[in-house]
Amino acid sequence: MKSAVVLLPGLNRDRDMIAALTKISGTAPVTVWQTDTEIPDVDLIVIPGGFSYGDYLRCGAIAARMPVMRAIAEKAEKGVQVMGVCNGFQILVEAGLLPGALMRNDHLKFVCREVKLRVENVNTSFTRGYAPGQIIRSPVAHHDGNYFADPETLARLEGNGRIVFRYAEGTNPNGAINDIAGIINERGNVLGLMPHPENLIEPAHGGTDGRALFESALGIAA
Amino acid sequence: MIKARITVTLKNGVLDPQGKAIEHALDGLGFAGVGSVRQGKVFDIEVDGTDRAKAEADLKAMCDKLLANTVIENYSVAIT
């Protein structure tokens with residue numbers, strides 16, 4: 001299966017994401033620049049983390065209005081898998097491809113540490129490689145990961161299994177409502193999450209808990 | 001030339017940790033009786049033309065499309 005990584009000025013986790021996808025799939029992902037209006041035929045489009053446009057205005061706000069995002073929205077409508085990690089999640093939310101908003105961490109500090117995540121829904125193409133309720137480790141590094149949604153949206157997310165990852169064992173690092181770390185769209189092909197699974201995919205990282213996410217999305221049997 | 005000021009504020013019920021931190025800092029400076037602080041943003045925008053109604057409609061569209069995140073923020077447009 002083929003993948004693409006979106007490049008925007010100010011992202012800094014693109015190299016890690018490209019390395020992870022290359023390592024796991026055996027093929028380097030194609031890269032797509034912010035002004036590209038066409039995305040090659042791929043099975044997975046990833047928006048990596050970082051600080052696109054210096055987090056000006058709101059995290060992800062400017063990036064979400066770049067031409068490449070229209071192309072991504074079209075691909076998502078066709079059912080192509082789209083994953084946004086950290087700033088990528090913020091961009092997907094700002095672009096309206098996922099509901100809610102990511103606000104400043106409740107303690108106002110940048111957080112860079114490891115958290116525990118509970119895999120809440122394994123019936124998605126991104127998480128089928130995990131066991132239901134499995135607790136996994138994952139690094140986080142962000143200043144604005146405090147997920148917020150209005151009560152109606154939250155009820156819809158909770159009721160339809162669209163909260164895919166939740167901070168577990170008291171490790172919520174940012175005050176996110178209902179410990180939400182990652183959500184999926186209604187159709188189940190657009191996933192956004194604050195943690196960085198790409199940084200825990202080989203023993204040299206100190207663990208491989210993030211690997212199944214990429215193996216699932218890329219159709220690689222674990 | 002039409003000049004406008006757009007004010008973006010957090011909706012009621014949306015937690016504002018930055019406002020809270022400022023509130024505590026004001027308290028620390030000895031300003032007693034500060035009930036609450038909510039932080040927002042101000043944009044001063046100049047628009048070509050003289051059609052105020054069109055400018056207001058355009059400015060509101062700018063807020064909806066970019067300047068405010070209407071999931072968490074309200075905005076107001078004041079043409080000066």
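These residue numbers are counts, starting from 1, taken along the chain as shown.
The backbone N, Cα and C atoms fix where each Cβ goes, and this holds for glycine too.
Whatever TrEMBL says is automated annotation, not expert-curated.
Record features (TrEMBL):
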type	residues	note
ACT_SITE	A:C86	active site, nucleophile
ACT_SITE	A:H196	active site
ACT_SITE	A:E198	active site
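Feature map: TrEMBL annotations on the structure.
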residue	record	Cβ within 10 Å
A:C86	active site, nucleophile	30
A:H196	active site	23
A:E198	active site	29
Handout entry: Three-state secondary structure, the residue listed as 'active site, nucleophile' (per DSSP)
Key = coil
Handout entry: Nearest-integer angstrom distance between the alpha carbons (Cα) of A:C86 (active site, nucleophile) and A:H196 (active site)
Key = 7
Practice task
For A:E198 (active site), just give me the three-state DSSP call.
Solution key: helix
